[in-house]
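Undergrad: Heads up, here are the entries from TrEMBL:
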type	residues	note
BINDING	LYS71	ATP binding site
COMPBIAS	334-345	compositional bias 'Basic and acidic residues'
COMPBIAS	358-370	compositional bias 'Polar residues'
DOMAIN	43-334	domain 'Protein kinase'
REGION	326-370	region 'Disordered'
Amino acid sequence: MWKNKQIQKKRKGSNDVEKLVKTLNDSSLNFKYSTLEKATASFDEANKLGQGGFGTVYKGVLQDGREIAVKRLFFNNKHRAADFYNEVNIISSVEHKNLVRLLGCSCSGPESLLVYEFLPNQSLDRFIFDSTKGKTLNWEKRFDIIIGTAEGLVYLHENNRTRIIHRDIKASNILLDSRLRAKIADFGLARSFQEDKSHISTAIAGTLGYMAPEYLAHGQLTEKADVYSFGVLLLEIVTGRQNNRSKNTEYSDSLISITWQHFQHARVEELFDPNLMLHNYHTSNVKKEVLRVVHVGLLCTQEIPGLRPSMSKALQMLVKKEEELPAPTNPPFVDEKTMELHDPWDTPSYPHGDDSASIANISHSSFYPR
């Protein structure tokens, strides 16, 4: 009986994919493969923008002069067709100023391609984790990026027709437009579910250092997993330090635990990124604002999911500066270096984009959605 249900489920999934393929082929979202091949100069290395766990992204220029970003998937033998159509299905159903816009795709050529708007400033990690480029983003700009990211997540969780959990919020998936405004990218791991469900159970996927402990341990997914990742992002933006690290890293304390220790001893200011250039602001209110962001970051990364605020509440905490914040409880202390990393697809290894290890669907930093 269980086997029959599984077969029926697979058939339904296959039918859904077939319907979506037909819809895409008949819609304005469909690009000819030859058009995208020409736009990227046959995927010339000189046009390569970045590489992630699922594919490589190239800059392209259409015949009318429009600049685009084209994601070329690593597995184009229909092996991951469901993942491809999941991303197309989810991102084509959303529209918000803080979400990267999908312009279309090509699914009838020799390989599957996704076409996104081109964002000239690439991803946030390129700035905040680089001592030179980090000077481009003073505190005012970083705070705007924080608010933009929060507004994008509130839309996904609460204001869209279907609740969507991103599952991979991190600095490399926050892209910046020409005015350095934040746009959430990479919906390859995103999942949607209905209002009447409290959570969904799914294969674990995401990036170590950003994954909520309850999801990492049990695979039970709620919006609070994104809230946790957002909290990590806040701490990274303020400090200019990464929370994730490779298995071979010598030090054991994560950014979350270091921040928690400093918070308890009222020494958080010692962690501020010098590139925030707070000395340029002639008011103590700005310093209070930065401390408040750290406080919200710790509230978002609390070990117990129920204690974390919703994204709309987190946004409210950030913008309503007179509102008193509750004291955060301790964050989880997960030794990520002891975890086994694996890919359930059992596919051959492929080039790595960075040293951020991910579980299940291996995830690496890229400038554009993977």
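The chain as shown is numbered from 1 upward.
In case you wondered, yes, glycine gets a Cβ from its N, Cα and C as well.
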Undergrad: 10 Å Cβ neighbour count around LYS71 (ATP binding site)?
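TA: Around the Cβ of LYS71 (ATP binding site), 27 other Cβ atoms lie within 10 Å.
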Undergrad: Which state, by DSSP, holds the residue listed as 'ATP binding site': helix, strand or coil?
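TA: It is in a strand.
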